[in-house]
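Structure first, commentary second.
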Amino acid sequence: RHYRVTFTAVVTLVGLKIFVTVPCAGAGGWSPLISDRYQWLEVDLGRRTQITAVATQGRYGSSDWLTAYLLMFSDTGHNWRQHRQEDSLGAFPGNSNADTVVQYKLQQPVIARYLRLIPLDWNPTGRIGLRLEIYGCRYTSDVASFDGSSSLVYRVNRRPSWTAMEVISLKFKTLRNSGTLFHAEGQRDHSLSLVLEKGKLLLYHQQGRMNECEFQFLVQLSVAAVRSHGLQKPILPNRNFHGCLENLLYGDLKLISLAKQNNPQVTVLVSCTLCFNMFKKHRHDNLSLKCAYMLPGSSLNDGQWHSVELHFSQDHLSITVDKDEGATAHTSVPLPLTSESHFFFGGCPSQGSSKECRNPFKVFQGCMRLLTLDGQLVDLIKVQQRLLGNYSDLQIDMCGIVDRCSPSLCEHGGRCTQSWSTFHCNCSSSGYRGATCHSSMYEKSYVDGSGPIRPQLIYCNMTEGSTWMVIQHNNTEFTTVQSSPEINQHVAHFDYSSEEPLLAAIIRQSEHCEQELSYHCRKSRLFNTHEGTPFSWWVGGLGEGQIQTYWGGALPDSRQCSCGLQDNCLDSSHYCNCDADFDQWTDDSGLLTLKETLPVRSLVLGDLQRPGSQAAYRVGPLRCHGDKNFWNAAFFDKETSYLHFPTFHGELNADISFLFKTTSSSGVFLENLGIKDFIRIELSSSSEVVFSFDVGNGPLEVRVQTSVPLNDDRWHSVRAERNVKEALLRVDDFPTATQEAPVDGLVHLQLNSQLFIGGTASRQKGFLGCIRSLQLNGVTLDLEERAKITPGVRPGCPGHCSSYGSLCQNEGRCVEKTNGFSCDCGQSAFTGAFCHQEVSATFQSMTSITYILKEPYELSRNASALPSYIYTDITLRGESISLSFRTSQSPALLLHVSSFHREYLTLLINKQGKDSQISISWSFLTWMLPQKNKMYLSINFTLEAPYLTYIIIVIMMFQIDQNSREDFNLTSDVEFNSVKCLILGRVRESDGLDSELAEFASLGFTGCLSGVRFNSISPLKAALLHPDSPVTVTGPLLQSSCGFSSSENPYAAETTHSLSDQPGSVDPRQPLVNAIKSDSALIGGVIAVVIFVTVAVLAVMARFICIRKETYQNQDVKEAQPEEDSHEFQLGSQADSPSGPSENHKEYFI
């Protein structure tokens, strides 16, 4: 039955006892004579009551009302406990005027007889004034008191019917920090024990003889002590419970009520112990001080009660802490203390200076009780009434300590420590960071974000077109199974290196997953007939998985292999090669790609008991690539458009991350409202993002001001986090802005409306632009699916190339896609996802590549009439050539270009004395780099150069490697029209070339060419990767990685960005199947090193001999050579003489 108690009269205060009278007129209210924080109103409800709500109102017809107050509850009128909202905030909001009623519903009903209201703040222009209403209902209960030696035992004399769950419930209160609340024993020595250990509740489950996990039927329940009849020892055998238990229930049975009725199933065991005074009466010259104190933390500041006993006389002092469990210290110092001396507890008075009391340390923060002086208990109520001693800033008859670490607000296993006013999280061993260990200390992944999955190591294979995540298991090798008449089946289980939550998240969010499943057989059938019982199967999927009866490359539930799907099995009457049952080795292999059936958990192979049956299987690692949520985007093209999702639940911790791009200067990204609480992220100006929220303490804002505009139609990242201690906001790579939360404020974010994305409920300040990859507490919202059914919002986002177009390298062209972008490498000499991989090939002297261009319109009919165009990508007055080479040949032809007008352009390597030169020649003009560029001619072409040489040529500009550019001015009538073909390597038709160039062209090129590009044409790439293009290849041509630069290349840092190009590196993605080859590789490596060192020593000796010989030869040449010819360029100077003994292999990076 609900009732309410209403107080509307002035309350008379006699001493500190409250007498309440209710006049008939019903006017007025409570208003104490003095308005300060030491006033309180106490209500006696007459019996224990379940209180559900409290309502306040100002004093009638006045300006007196409360704006904030505390609520205290008690069963006895003493030892009050403070009621806190959300386990942290004690203050309740009050009134704003004298007439409005403000009601607060308690989140959990409070059972108490006494209620005390303490004013904290009131109307500054008035006084404390109050009318109070209390809502609740009657409460009845059965209570039993235990003195530490008594107990209650309930025995089950019949086997109960089986139930899915058995419930034991109780309420308790105690002054002791340890004790056994109950000990339940089941069949086969199973037991459950609920233990209070140093203020914490611990539940112990002990398994029985059968080592079974589930608890068997209850046999005996011991309360407040352990009365064990089984074989196991109790958890705390000497720690019986000392206190009171209320409403002790086993299922629907009220055990305390049964004990009162003398039920034979319930036995009450009572034992009596003698009680005596611990302190004898002392003489007046000896004093004894005893107290118990409590404070939060660890050791003596662990939040538990500790006792302190101080005994002192004129020349002796002893102090004991925690009696037998603690320690005692003694000293001999003169202490002129008597029973008339002043004693200060907790600290010295703050007003004035007292010679009698000085604080050597910080003042005490905590609780004290049972204060005894010389054997006499100090009456703290008299102290509160100021009849005995004095006090300040003190709450008497209650302990207001807040255990800020129970429950712990530290996430992901962070360890909680606390001080008097706050708590701290130690995240050192959790893999997370932040005030509450909420954010991962590693790079954020799409799999989990800040979710519950702990950081784990996986391998990523980046050598292919896509980046593959590779999750290994315990057996990726080919495993052979021999026939045995004693074994009907071979069963293999696969344990993966990643934990189950991570495995599920990877499979769920990847665009594609696959796993190889191979079965090699000889007289070992796989599925038998299509209608018969299968001999073999595998179990796959998340959790325990499901039985699958199809093989790699086939469709689920088809009971087929890939050959059955392609209709090319060895026996057309079967759907698997192995089902043909031939006495020869064959196989059924393929990839499993249905994510719902991955990963493979176990494999069962049958048909192995027949003589001659042999089989081998392999289950490869799980491989996944792609993030189906990374490009998940929505485009908002109207200010009134928005997307809505269910309410965001981020009561204690909330992290939000997304990317946006816009041309607008303002707009709301996200908003979620509650009754009073809210959370919002918005673009307030073109260079500022604001994160605002309210959890009941008033609005808080975190702002990030950027130095660049954010409405530049490029992607920008936003990450916001709010926890119970602070709020953070980060935009792109700008410094993170932080706002600390109020101390002892409200912490729960209570929202109840829909979550709005790209707008607000009022349809104002909407966002114009794109939002993608939106994650809330590690969960990605599917913006595209919601946008498909929402007017004014389009799925996907146009214009990705404006942000990511620069990722396409080497003349690659960015191509827009609905979900992201791609790089078109058609006009580039490179390939790969970002046109970053060089296309290289090894040439021999007979190798020739000819790329044929289309003949211009009517050129063959009218040779004198030159068209105004030649080829769409070739200009009339300039060409662009780039390539890389490595060679030991000189002279050598790198590139030859011919036209329909018998004009030509050649790129040559030529010898001139000791130096090598790059030359460009065409039909009516030949020139070379000036001899004054000795710096790069001598450095880039040293005999020992181990790297490629990189050349960029634009007519009128010439550059080698990273050296300075050389410009040349040509006459205005120089034009190279009607290009016919491009030739790499040997030139077989030398029409139009003079005799010297023709001789060079016939030698061909021996070495490595890479990244060849003539304007927009890539002849080497066309020959290797596009055989359908107009290209002709003669002679041996081998695609290789010779174009990759070694680590010795001084320009490799600028031209090569692939870690896989480094020689000698060990690939961490090497599968476990190759681990057995490590010993052989090590031995081979040692042998290779020995051979290399030997060859190197011989090469150095030969080099030294050659240098000395060359010195004499050069001296003879210099004496015979005319001085005027020393700077003359002669194409044939080295044509007739092959490389002398002074030449070693040369490698150049062009």
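Heads up, the Cβ atoms here are built off N, Cα and C, so glycines get one too.
Predicted, not measured: the structure shown is a model, and the values here were computed from it.
In TrEMBL, the cysteine linked to CYS797 by a disulfide bond, out of CYS770, CYS814, CYS823, is CYS770. Sequence-distant neighbours of CYS770 (disulfide bond) (same chain, 6+ residues apart, CB-CB distance under 8 A): ALA633, ALA634, PHE635, PHE636, PHE660, LYS661, THR662, CYS797, PRO798, GLY799.
When pLDDT is averaged over the domain 'EGF-like' (798-836), the result is 82. Helix, strand and coil content of the domain 'EGF-like' (401-438), in residues and according to DSSP, is 0 helix, 10 strand, 28 coil. Taken residue by residue, the domain 'EGF-like' (798-836) breaks down under DSSP into 7 helix, 12 strand, 20 coil.
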